[in-house]
Each structure stands twice: as structure tokens, then as C-alpha cells.
Amino acid sequence: MSHSAPPKPATARRSEALTGEIRIPGDKSISHRSFMFGGLASGETRITGLLEGEDVINTGRAMQAMGAKIRKDGDAWIINGVGNGCLLQPEAALDFGNAGTGARLTMGLVGTYDMRTSFIGDASLSKRPMGRVLNPLREMGVQVEAAEGDRMPLTLIGPKTANPITYRVPMASAQVKSAVLLAGLNTPGVTTVIEPVMTRDHTEKMLQGFGADLSVETDKDGVRHIRITGQGKLIGQTIDVPGDPSSTAFPLVAALLVEGSDVTIRNVLMNPTRTGLILTLQEMGADIEVLNARLAGGEDVADLRVKASKLKGVVVPPERAPSMIDEYPVLAIAAAFAEGETVMDGLDELRVKESDRLAAVARGLEANGVDCTEGEMSLTVRGRPDGKGLGGGTVATHLDHRIAMSFLVMGLASEKPVTVDDSTMIATSFPEFMDMMPGLGAKIELSDAR
């Protein structure tokens, strides 16, 4: 879908206690990879709990365009894959809409095939840099025709046979790591990724689960060496996708901020590379109880019981950024209601998300009376524990779903209402948000504000 749909502003107002039990939609990272690896594997893959947001569906469509058979059967998605090395050249450009993850991972997956593959996306995705993924692919022999600055629309022309490479990832990016590993699937020999700072590791865990010959070694300095032997066989799997921790963040922070709240969130992914927000909120004094911790499909999963809490400001260690990069906007909202100062640093990755997310958060906070300072890659927020004087502003969301949801959470606890200029793009990651939150007692509604 393109974001040419008319914008739908929404407003959140101060709410009474939020109570109830919810199950969060499936994790976006695991959902993307389930479609990709299922579409590539031999035999049948069955997925339940898939996040059916537009981003993930676009990844599924791309796999279909390259030969995978995908159908919905009740609550499950059934995929009959093509077999590793057997993707077909798509007849038309692959349209990823707003999905950076889907686009970048698929570039890795198809780049080493001897075929031409074109990628297009919406206005927001077409602004985002793709060079970080294209550079290692070029080293493997892939030719690239791209818009200026290595942006989409772009076309990859694969080599007859790709070269295996050893690639040191220059920034903390799971997408770059994953793209190189996926390119290695169709490359003879061993492709190695060296990762100085660990990022979410779903690609490694899931590829091993599908039968790839992949090993991970961590040296004494914490640097990870990930090796994949190409041209092996992948076998279809059964996957139950756990709830997305990045989506969990919104009802979780809302329950912490709205007085008297007591909310249980079921089936949340607790992979240690994704729990930076929960750790940070607990340091701030959040009452978050981890219940029924268990393993599901090789991933840590648990239920969370969250109660309203008085929060205090903290300094968030910059090395925690990779494990909570998508959660900083909603952490900034929590910080706005915490006593004292919260300092977030090492946020350079936020500048190249769906929007310049760091600037968007700072502008939104200022528009709603929050005392904050934006640095080059940092944000400092000075909180108002009672929410007095906060709210009353309209936030420019810049087509960014996480900005929209974060500021709607803010309005539930601020003295005055908070309006976001558009809520349509929330559907890219959390289509149920606008119904699920009012189900807990949140006062969020579409507004006529222009």
C-alpha cells in the first residue's frame, strides 16, 4: 500500500486505570524471516501468530513473486518453498511499501542469484539508505543500478557465481548482518560475518532451525564470528511467532504511566537482544513482573504483568541501543513522566529510520510542553511526574508508526490531550493498536483535527 490514503489524525486523552489481558501481535522480525525462510526451504512451512501488518505481507508477496506458494488456512499460513538456490526471477519490481527490513533482507537473499531483481517502496522507504546492504553485496559480485545515494528504486544484477566474503559489519545493524548471511545461502563455500556489537540474532537462530550449516563463535572481546556454508538444503518448519517486544512497548508504558493500571501482556518475545527497554524501565522503578518464562521455537517467551509505577530518570548506557533501538521514542514518553532527568545516547541509528526519529521525538515532546534537549545522537528529557502542563500539542508523525503510537500513549497520562497528525501507518506494524488500547480503557479516538 502507498501512503497516499488520506491522513487520519487521532487524539489521546487522560485515562482512568488501564486493566485487562492482551496478546500482542506476532514479532515483526520473526514474521519477515518466517515468510522468507519458509519460501526458500524445501517442503512445507506452517506459521501461526504471524504479524499480518502490511510490511510483512509485502515480504510474503515478494516470496510469491519468486516462486513460493503461500496460502492462509484458518489461523495458519502454509508455505510451500522453492528450495534453496531455486528462486525465480520476478516478472515485475518487488514493492516493499514501508518495509526496510523486508527490502534489505530480500536484497541479500536474491542478490547472489544470476538474475535481475528490482526493488521499489513508498516515499519514506525511498529516502532510506540502502548502501550499507549493497556494499557487501558488491563485494560478492552483485551489480547495482540505484537512485542517487544508493536509494530505491534499485535493481540488482546477480553474478553467474557469487564470491564468498568475510565481512565486518561497520555499524550495529541486524539487517546488514542478515543480508550478508542470506546472500551466503546461495554462494559456494563459507561466508563469514564479523559482528563487533551483538544485534538481534533471529536470523542465526532461525536459519539453524531450518537446517542451514551456520555456526556462531564469540571471542573473548565479545566479537561474534558467524559462518554460513552456502548451497545447503533448508527444510520447512512449524513456527509459532511470539509477540513483538517493540509493539509490547506501547501498552506496557501506557500501563506504567496511567494511575491505578494493572495489565497482563501474554506471549511476549524475551530474546535478550530485544529486552533493553524492559531492563531500562525496571531501572527507572517500573513494576514489571515476568511470569511463565518459557522456550518456544528456540526463543525465550514470557507473560508480563505491568502495574502503574512512579518512575525516576536514568542514564541509559549507549551500548544498550541495539537491544532497544525501536523503543527509544516510547522510552522518551516514559521519561517525560519520570522524576528527574533521563539521558539517552548513542542514537545515531534513529536518524535513518522511517523518519529522522530522533528529531521527530524531540519536536513532538517540545510541542507538548516537555523540557528536552536534542544532541547530535542523544536526547535528554526532564520529566514531570504528575503530567501537569504536559500535552495540548499536535505531533507531526512523518509517516512513522512508532512516533504515532508513542505520542498517543503520552496523551493517556498528560494533563491535556495529545493529537497525532496521522494514524493510518500504525497498520504497518500493529494493526490492532487502535482497538486494543481502548479495550484496556485508553481514551484514544480518531479526531477531525486538521
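Each residue, glycine too, has its Cβ placed from N, Cα and C.
Record check: Swiss-Prot places K28, R128, Q175, R357, R402 at the phosphoenolpyruvate site, and the matching candidate among G100, G102, G149 is G100. In this structure, the C-alpha atom of R33 (3-phosphoshikimate binding site) lies 11 angstrom from that of Q175 (phosphoenolpyruvate binding site). Considering only the binding-site residues K28, G100, R128, R357, R402, S173 (3-phosphoshikimate binding site) has G100 as its nearest partner by CA-CA distance.
Of the listed binding-site residues, namely K28, R33, R128, R357, R402, the sparsest CB environment within 10 A is found at R128. Take the CB of S29 (3-phosphoshikimate binding site) and look out to 10 A: across all protein chains shown you find 29 other CB atoms. Checking each of the binding-site residues R128, Q175, R357, R402 against S29 (3-phosphoshikimate binding site) by C-alpha distance, the shortest gap belongs to Q175.
Other Cβ atoms within 10 Å of the Cβ of G100 (phosphoenolpyruvate binding site), summed over all protein chains shown, number 20.
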